[in-house]
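Comments concern the structure below.
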């Protein structure tokens, strides 16, 4: 990632360090098998958990003062804010994937392959952005209803662009300024312009890596629809949940818990097979790159008791035996 | 307005000049007296007129491939795009106001006055952004349904901020790049950060002036809910539609058509009174500042036969006697 000319280290390195960056996996907050359908139940639990784990206040004062269907008035508890003596402290970032939003539009037009001179690709770019920003707005609203001061920020509007599908040129000063002002930026996978091929899709996982690299959060949480990273696709009988993965200085990684014989080699093969459906290899490699920076990464099932523990940061002290999820951390020792 | 350090004149001054910047007035596209309600009929006509006047193609191939309520499938005419041989040429920008979106949230919390350390202002900022981005998304979708390759861009996400409510620091390179890539940026009045008071409201009219100053369009159109600028509030019996206003080099302006005796003085008084309800003084002064740059400004009723003529640019040659609206143009001659 390149920083813009006018961006200084001070812009990005906040006085107050970023506590955490949370990825809401598309599969966890949308209904995978139904086009453009939000998993309302999960999204509500996730929003509540984010408030409980990451806001300093327990009092919920909703910030989505939009008209509800069938009700002509707007729900706005002005008195509730008068009672509030101070603004809650916030220092985290939310990134979400698309799930059942955007995927149809992008894959039917080939936005990821570029070629804006083709009418279909150009239309697909427009349609993809409409779909993913619709989801973004709904997530911002769900977080705001929980009293989280969330503000939607589209990577496209932030001026982030890629070059040959790689290395986004991403000016992080706006994100940094937004956090400094006390808001929670809510970013998302988006269709963006590309210097070489015209356009592409910038995934939420790539955004996570770049944000982590430059904002240096204390820890990073990926909320998914399964318990964590498995040795085999979780539907298979021999699938084992990988509890701990260590990443070395050279980026190589190895499973340190559970310690099963020959596990490492097996995983390298089966994870690759898994990738066609679940994108686990991408997720592990992006997560490993974050862990390499010395930032602990937790991959955990959204809306579970395990995700609360990951979000609160308490796992950084000690990981309880009954905690289910995958921790990916940096290890100075040589990784086999 | 200040340009960012990395922004060069080439970024802003496109090889292809911007044809026009269109403001969709909040009152013209929303229902003024009902909270968060879009004037669907007007918005559809406005979108059609924009396509007819500003796209090179007459063929409509919809670009909003979102799920419609009650229908599980997505309407995506891929074949329609295969038939299309080339991408339509576009070089215009759309800016819209809030109308019945955002106003309630902003005025009930005092976002325009700043003070983010107050919980109510902070919540109002979040609520205002949710409301105005909801409207933005619906406008982008309406334009996309007409085959206009529209992309929503929130001033907040673009990193635009103000200083003491004035002089936005607005990096226009993303807007310029978006146009260069063949898209129609759709911007809007937004809640933004302010260097002095923490936050404020950046109005669509101020955005219009700044875009015009730096993008140098051939002409600018303000679509409103009345025929144009009147001598008195249009509901009053003595109200006269001002057909032509000339702006001098020093920014002073005078009514050149109709030529009514003592009209000038009368207007200066009554326009000020009108301002409390319609914001006409702001509109005229912003429009006058655009005209001072040598850019013709048309203030015209949205979704009328008069607005088509203004949007197409044909008024630049000659203004027909039966055209109803207000033209504001630069005049080198001394303005009385």
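Residue 1 is the first one shown; counting continues down the chain.
Every residue, even glycine, has its Cβ placed from backbone N, Cα and C.
Annotated substrate binding in TrEMBL involves B:98, B:103 plus, out of the candidates B:165, B:182, B:198, B:204, the residue B:204. Ranking the recorded positions B:32, B:98, B:103, B:204 by Cα distance from residue B:283 (ATP binding site) puts B:204 first. With residue B:32 (site 'Transition state stabilizer') as the anchor, the candidate binding-site residues are B:98, B:99, B:103, B:225, and the one with the nearest CA is B:99. Considering only the residues assigned to substrate binding, B:98, B:103, B:204, the longest pairwise Cα distance works out to 13 Å. For residue B:32 (site 'Transition state stabilizer'), the Cβ neighbour count at a 10 Å cut-off comes to 13, with all displayed protein chains included. Neighbour counts were taken as the number of other C-beta atoms within 10 angstroms of each residue's C-beta; across the binding-site residues B:103, B:283, the minimum falls on B:103. This prediction places the mean pLDDT of the domain 'Aspartate/glutamate/uridylate kinase' (B:19-300) at 87.
Other residues of the chain with a Cβ within 8 Å of the Cβ centroid of B:98, B:103, B:204, the substrate site, are B:26, B:97, B:99, B:101, B:102, B:132, B:188, B:189, B:201, B:203. In the structure as shown, the Cβ atom of residue B:99 (ATP binding site) sits within 10 Å of 26 other Cβ atoms. Note: the Cα of residue B:204 (substrate binding site) and the Cα of residue B:99 (ATP binding site) are spaced 11 Å from each other.
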